[in-house]
């Protein structure tokens, strides 16, 4: 069968021909429908993040997938059901986090990540996985189901943020998303229903399709070339909730200054080492005197996938149509990895 | 009546003679028993924190108090009842936080702080306050009741930390307190019952009374001159919970490195501006990939005072006796502000 993989020592994806996998006991065979591409895939290609499966000369890419159950193999799932796979699988060690259905909280060493670190991904005509790692979604969501994974990451971050503010009557009136990439836009659409006023920061100039989407969602576009993150309270208003989805390390710190009293910032980006100067005294003091919080969040679990499924079902059609810019067949796979100002979300269609 | 105050333009406390206050409607007249001194009092004296009450040439000091109801003035409290006052009072503005009994979450501008900012403190023979800002405590705690206020700050910080980790099965096996001042020791004693292993960081060399107390509590002393905060995971173990009680701004950042996966650091110190270099990329990445959290926490509300009252009742007698090192009468007030290696907690006794 066809698969899209990166070979050891290479930094570009290739189409390879491999054997169709056979499900083990408790595993399901899934026929892949669509697989999305995000920034992590580029990090895997460049080698800056993740690692190859042990003993393998290639890594099948892809962690944002939707498929259809081809063989339920005696599990509780039904053949023909539309499913979305989660990303983390246990490493060769026991882990209370997997036992508790909280693999997203497992520390490094206790997990591999399909398509990212230590396990093959979903960019293939078929894949197998234990039924417990598959989340059924309604058939009408089959075309957009590969977005459940990125949305689930935002759902987990939102859950952490909300719970951290649950000791008092928190008002999340003003929400800011740092980053207008696909994750930023999906998060913004999620917040549009929850916050009274939403903002999205990017560094693009008009005209730009992401700015159009931001404004169509009712949010205010903040051009980071004109307004720095720490200037946002003065130019706009202090924020109750900030989602960092850029991986730009300085944003983690300026988020503290963008927040108003009792605000919470959740960090989702994964930057490389970078030394710079901060007014650490002012940041520390602001965190304390204004009860601010800064939380890191990675990955997500089945609970977040289920919430993401519901969130996805509520997104307006125009929004999904406008972010799913680049559909490629397997033979056009290379185009899916091309970046351009018009590209928001690329995905490869394996079957329909 | 006698009061201990600092006059405008001065940096040393003075004994002044003022009129005994009369309670307004809804207010209680309290006869002061004991008032503790902490780092904030020194900041008020030096002028680095807080501000004088509007229109006053002096500021009565003290925010850690215990007293006895002298006149209940028609409120639900009983004369003779032992009470501890909270610190924040509404400023001349409406505040939903006071309406919700969450003054600790009010933003700057919505509150004054008795003995600290914009309102007189409790270092006087009598004070008045609305009954809703008084928390009754059992009579056997009268001698140590002025410790309820600092403990309540640790209780609030612990509540924020625990709630921020309540989306998953968090294990707070290893707890670290940064700082071996009175707040650090009171927090350590609180954690000793909750964490399996506790650590307390200070910069003192042996022999030292605080190190003896730390070890008597079953905790491990970490000498910051030998082991930096970010080295603690290698030298000891990664921490699940870190309380920062030093006000040393670099500790806010090295706390992230002291934490293990899913750990939470709560910041309580209030540093001044200080610019320094951090590996912001590594800190950001660690927060995200290990789901770490950093929370600021200031002040506390009646709920935390009630919890602190219970925590205080469970502290061993030897512990309280060993930290309450310096008792001064009103005439010896100046001694209560002297710092020495043997001084842990000073307090002024106004009556018995």
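Glycine is no exception: its Cβ is also placed from the backbone N, Cα and C atoms.
TrEMBL names A:40, A:113, A:149, A:153 as substrate ligands; from the candidate set A:291, A:299, A:301, the record adds A:299 to that same site. Using a 10 Å Cα-Cα cut-off around residue A:268 (NADP(+) binding site), the binding-site residues A:40, A:113, A:149, A:153, A:299 reduce to A:153, A:299. In this structure the alpha carbons, written CA, of residue A:153 (substrate binding site) and residue A:298 (NADP(+) binding site) are 7 Å apart. Residue A:113 (substrate binding site) sits 25 Å from residue A:180 (NADP(+) binding site), counting Cα to Cα. Neighbour counts of Cβ atoms within 10 Å were compared for the binding-site residues A:113, A:149, and the top value is held by A:149.
Reported as a whole number, the C-alpha separation between residue A:298 (NADP(+) binding site) and residue A:149 (substrate binding site) equals 12 Å. Within 10 Å of the Cα of residue A:40 (substrate binding site), not one of the binding-site residues from the list A:180, A:182, A:203 places its own Cα.
With a threshold of 8 Å between Cβ atoms, the binding-site residues A:40, A:180, A:203, A:268, A:270, A:298 that neighbour chain B are A:268, A:270, A:298.
Cβ neighbour counts within 10 Å, taken over all protein chains shown, single out A:180 as the most crowded of the binding-site residues A:40, A:153, A:180, A:299.
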